[in-house]
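Chemist: This is the structure, below, for whatever I ask next.
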Amino acid sequence: MLLIHIRSTRKILALGRHVFPSNAFFSVSSRPSLSSSDEVAAHDVASLLKTPNWEKNSSLKSLVSHMNPNVASQVISLQRSDNDICVRFFMWVCKHSSYCFDPTQKNQLLKLIVSSGLYRVAHAVIVALIKECSRCEKEMLKLMYCFDELREVFGFRLNYPCYSSLLMSLAKLDLGFLAYVTYRRMEADGFVVGMIDYRTIVNALCKNGYTEAAEMFMSKILKIGFVLDSHIGTSLLLGFCRGLNLRDALKVFDVMSKEVTCAPNSVSYSILIHGLCEVGRLEEAFGLKDQMGEKGCQPSTRTYTVLIKALCDRGLIDKAFNLFDEMIPRGCKPNVHTYTVLIDGLCRDGKIEEANGVCRKMVKDRIFPSVITYNALINGYCKDGRVVPAFELLTVMEKRACKPNVRTFNELMEGLCRVGKPYKAVHLLKRMLDNGLSPDIVSYNVLIDGLCREGHMNTAYKLLSSMNCFDIEPDCLTFTAIINAFCKQGKADVASAFLGLMLRKGISLDEVTGTTLIDGVCKVGKTRDALFILETLVKMRILTTPHSLNVILDMLSKGCKVKEELAMLGKINKLGLVPSVVTYTTLVDGLIRSGDITGSFRILELMKLSGCLPNVYPYTIIINGLCQFGRVEEAEKLLSAMQDSGVSPNHVTYTVMVKGYVNNGKLDRALETVRAMVERGYELNDRIYSSLLQGFVLSQKGIDNSEESTVSDIALRETDPECINELISVVEQLGGCISGLCIFLVTRLCKEGRTDESNDLVQNVLERGVFLEKAMDIIMESYCSKKKHTKCMELITLVLKSGFVPSFKSFCLVIQGLKKEGDAERARELVMELLTSNGVVEKSGVLTYVECLMEGDETGDCSEVIDLVDQLHCRERPTF
């Protein structure tokens, strides 16, 4: 147990020494004497402190700008009679002197005050420092280490106000263990702990999940005469709910409900409701909310917000709004967190405009968005690929004095990576530093993953090396991104080297990383190496499922190595892993590839006998095999048998059947299957469109299906507009969505250089009120590659006049093309059109960002930015 194993309060000192090693340069065991000029400066400052509003005195600011801790302590010594002035000056000089700004230097100044015997001043300063450090765990640990040094070197001890403030701050920082250690030292120093302090300790332990320790501590305080109250009961509820131990939480709540002295209040109910929501017990949570009214305890804003978030997390946005509408009539005013939860829920559901509407209502109600609110909106825009409005929000934040945090920049960097601009995201890293923020592991993982996805491995590695500058260690996700990228490039050896580096750093790899490497090794044909890695990872207990084995099976399947596949099935059993549906499906695929349809049916029966019932995929693979061998009637029978066994066909099954019918000259049956597919709610896909196009070409040209090898070329190169229009008409009659079909056709036509026909197709669809953003991107890319920027401008104008907005990618392609052609004026006009069409109001603020995004991505430029980031971080304030 936590409380039993604590033997000495020196554990704080040991922890402090481990994290923050002592610096002999700051030793104050012997205080240096001041020079005559320093003495004069100290007296000058001390005299200025007697004037009114001395904090605003420009002469004083100039005097202290480079004042070191020794001179500052002398000033405080000269003012020792006025405790308030001493504390105010201490905090003020630490903000304005470059030699007293750092937490270590503040602690140095505190040591000098204690060494001068100014204990009363020191105690008051300590209370102020504790409050200042109450938001930063690292600074609090440094301060506690300083307290231990003061005790050891000078025999200085904290007084009761210091201890009480320290307990509260440790509880706020979720440092329950240190709160208890502090309590033990407090007792050892002879202080009688009050009820407020006991509550604080119980709360701190519970917030950290030390509920058993909290219960033991509570038993102790009950024995000495204190009573169980609502505060302590609520703390226990919090501890159990945070640990998702709802059984014990409900027991505590039951006890509280029966005792008058600790009756649950609104906070108690809200905590328990939150706990129930966290484990998915929403009905009980809502029942508890209804019970509150019966017990005379009205739901608070926090109660409603918790329930609204739970509904949003389940995608029940409409119900969340119904609950929101219930708040004001019940006397509960929504706060910034309530609105933020709704905005976040809408953004995750892809309803960005509705989220914006909620934000506008929020401001109208005089509730101003927080940084978390803005982050939710920025995340929504970035996930939708709309980086321009996301950057406008950044400028709005800055204008409204809502300082962006690390999460803000992480969202924006991820957004840039999503639209294929990881280099611009690296530039944003520098902007983050300029804002006084330091990147975290998420920042680096986003950037490295983005660079790896685009194949920029040298820059990714340079960024990996720069993590040390911020004392950030790469984690499993960092290395997995790099390993995955090298594997995709066919560089399995390099990927293996990074795995070795990862292990040497003591980073535990997970199943995803292991499977990624095995997949990469398999793709370069190194089966033995893949097996060796697999067996090693199984022995390390990293691989607990057959996913990695399935990867090897898949490689063998594609090579039609059936014997090796069956041997691998035996190895799965030998390693103690249970074959999954995927394992058997891969075996079926291998047998079909080798032409052994009978064998694939045997595997299907084996699955049923082993209790691993086949799903739609093994059936579909066999159906596909039968169709490929011209046995369409047998495929139909298997499809019927599959449905009789309770397995419904999916879009892949329908796709296979459509292709099979077309290849066997049965276009009518293919169209019937498409109709059935649409009626069951499945969307048509590119493979369906390709098969239908092939069928129409065969029918129109009168080509026999024995000439199938030429059909693909004909479908791509010789499809005439009449055939395309007929295909669109038929798909529409069958109930299919023509958007997907048109995007498919545009892609194919542009690949064959028939961009003008693609343009005509998109314009025809646009006249019917349908805008195909992806199709337009493809057309823009095709035109820009041929430097036909006027065509692009005409299409952009037409789309805007139709009430739609082209994508950021389309604008970007044309603007960059115009710049390369030297047409800066038209490029600038298009940038302004981009801002206007995206509803950007603050054009001047966001213009700098957008123009930067429109510039080309240069590798060298990006490397220079990384070097500059390293240099910026390494600049430190002068130390004394």
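Backbone N, Cα and C atoms are what each Cβ position is placed from, and that goes for glycine too.
Relevant sequence annotations retrieved from Swiss-Prot are reproduced here:
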TRANSIT   1-89  transit peptide
REPEAT    159-193  repeat 'PPR 1'
REPEAT    194-228  repeat 'PPR 2'
REPEAT    229-259  repeat 'PPR 3'
REPEAT    265-299  repeat 'PPR 4'
REPEAT    405-439  repeat 'PPR 8'
REPEAT    440-474  repeat 'PPR 9'
REPEAT    510-544  repeat 'PPR 11'
REPEAT    545-579  repeat 'PPR 12'
REPEAT    615-649  repeat 'PPR 14'
REPEAT    685-721  repeat 'PPR 16'
REPEAT    738-768  repeat 'PPR 17'
REPEAT    807-842  repeat 'PPR 19'
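Surface or core, plus neighbours and distances: that's what I need for these features.
Modeler: Mean pLDDT for the repeat 'PPR 1' (159-193) in this predicted model: 87.
Outside the repeat 'PPR 2' (194-228), and at least 6 residues removed from its termini, the chain residues within Cβ reach (under 8 Å) are 1-3, 163-164, 167-168, 170-171, 174-177, 179-180, 183, 186, 235-236, 238-240, 242-243, 245, 248, 259, 261-262.
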Chemist: If we call contact 3 or more Cβ pairs under 8 Å (sequence gap 6 or more), are the repeat 'PPR 3' (229-259) and the repeat 'PPR 4' (265-299) touching?
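Modeler: These two segments touch.
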Chemist: Six or more residues beyond either end and a Cβ under 8 Å away: which residues meet both conditions relative to the repeat 'PPR 14' (615-649)?
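Modeler: 581, 584-585, 588-589, 592, 595, 597, 600-601, 603-604, 607, 656-657, 659-661, 663-664, 666.
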